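The structure appears below as structure tokens.
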Amino acid sequence: MDIKLHSCLHHPTLRLLQESGCEITTCNLMYPLFLVNDDEAEEPIDSMPDQKRFGANRLRKHLEVLIEKGLKSVLLFGVIDNSMKDENATHADSPQNPVIKILPLLCKWFPKLLIACDVCLCPYMNHGHCGILDDDNVIQNAASIKRLAEVAVAYGKVGAHIVAPSDMMDNRIKAIRDALIAARLENRVSILSYSAKFASNFYGPFRDAARSAPAFKDRRCYQLPSGSKGLAMRAVERDVMEGADMLMVKPGMPYLDIVRQTKNLFPQHPLYVYQVSGEYAMLYHGAQQGAFNLNEVLLESMKGFRRAGADCIITYFTPRLLDLLKACD
């Protein structure tokens, strides 16, 4: 029997029916933002064209426009001067931290906005690593997860709806869950775990944006090897057992098999995927050079994430996607 497929594709509505489950709505997008202490700052990020670091007042104006277009959720990253960094990430949760300062304002200005806060120590460490080090520059896991839990609770107390640990320390989800319970925040703060976070070359522009590059060595001793499958699933399963509410795979496009595997194993958990800074730069510069139409390739990549099993995509292209979705209404 000759099987014919063209009869399913000759009309735009028929083609859309073949994409069932891959729809993109504003609820499927989360916008990552970099915050600084200067209220009037709007600092361009050279390695990420069209992206900026924002102070409170500039951020408010930026978000007002996007919320009018349907923005539903954001992911916050604090960026501080090197002079404020030390070996214990003191300013990860101090009153001088830009997230601690700006988050209550966002809750006041935009009460319906879902706000997630990245939880890590690297942007606040003088050595740029994601945990506390001993004298031999070896990660001290117990001290690190204690500190991460303190930071998560601090974010929860000033209004975070979601805390998102990205550090990849062992057992940090349990430490954060226990700390939230002790602080009586367990019913008001969700945990979005960077469960399958790979040691990737696609993070380069982000480390410029967040000023968080390690001062020596790299993060391969605690982030996942790029070719690992079994270890990635062990990490995801552990985070589920320790109390993660939501899961994440990072980066996105090179790891769609991990997205699908994670969704197959844990379909009951909302799954995020992070289209990271290197993916953003790759698509942006490819379009600038005429390799493809940015809007079209962007929608194709979003559908790929959704088809693989992602419920929400964290992407720097969120403002552009909001415009595209509005144009499709």
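Positions of Cβ are set from backbone N, Cα and C atoms, glycine also.
Features as listed in TrEMBL:
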BINDING   Cys120, Cys122, Cys130  Zn(2+) 1 binding site
BINDING   His129, Cys221  Zn(2+) 2 binding site
ACT_SITE  Lys197  active site, schiff-base intermediate with substrate
BINDING   Arg207, Arg219  5-aminolevulinate 1 binding site
ACT_SITE  Lys250  active site, schiff-base intermediate with substrate
BINDING   Ser277, Tyr316  5-aminolevulinate 2 binding site
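A 10 Å cutoff on Cβ-Cβ distances gives Arg219 (5-aminolevulinate 1 binding site) a total of 19 other Cβ atoms nearby, all chains included. For Cys120 (Zn(2+) 1 binding site), the nearest of the binding-site residues Arg207, Cys221, Ser277, Tyr316 in terms of C-alpha separation is Arg207. In this structure the C-alpha atoms belonging to Tyr316 (5-aminolevulinate 2 binding site) and Lys250 (active site, schiff-base intermediate with substrate) are separated by 14 Å.
Nearest to Arg219 (5-aminolevulinate 1 binding site) in space, judged by Cα atoms and limited to the recorded positions His129, Lys197, Lys250, is His129. Separating the Cα atoms of Ser277 (5-aminolevulinate 2 binding site) and Arg207 (5-aminolevulinate 1 binding site) is a whole-number distance of 9 Å. For Cys120 (Zn(2+) 1 binding site), the number of other Cβ atoms no farther than 10 Å from its own Cβ, over all displayed protein chains, is 26. Sequence-distant neighbours of Arg207 (5-aminolevulinate 1 binding site): residues of the same chain at least 6 apart with a C-beta under 8 Å from its C-beta are Ala213.
For the binding-site residues Cys130, Cys221, the ranking by surrounding Cβ atoms (within 10 Å, all protein chains) places Cys130 first. Taking the C-alpha atom of Lys250 (active site, schiff-base intermediate with substrate) as reference, the shortest distance to any of the recorded positions His129, Cys130, Lys197, Cys221 belongs to Lys197.
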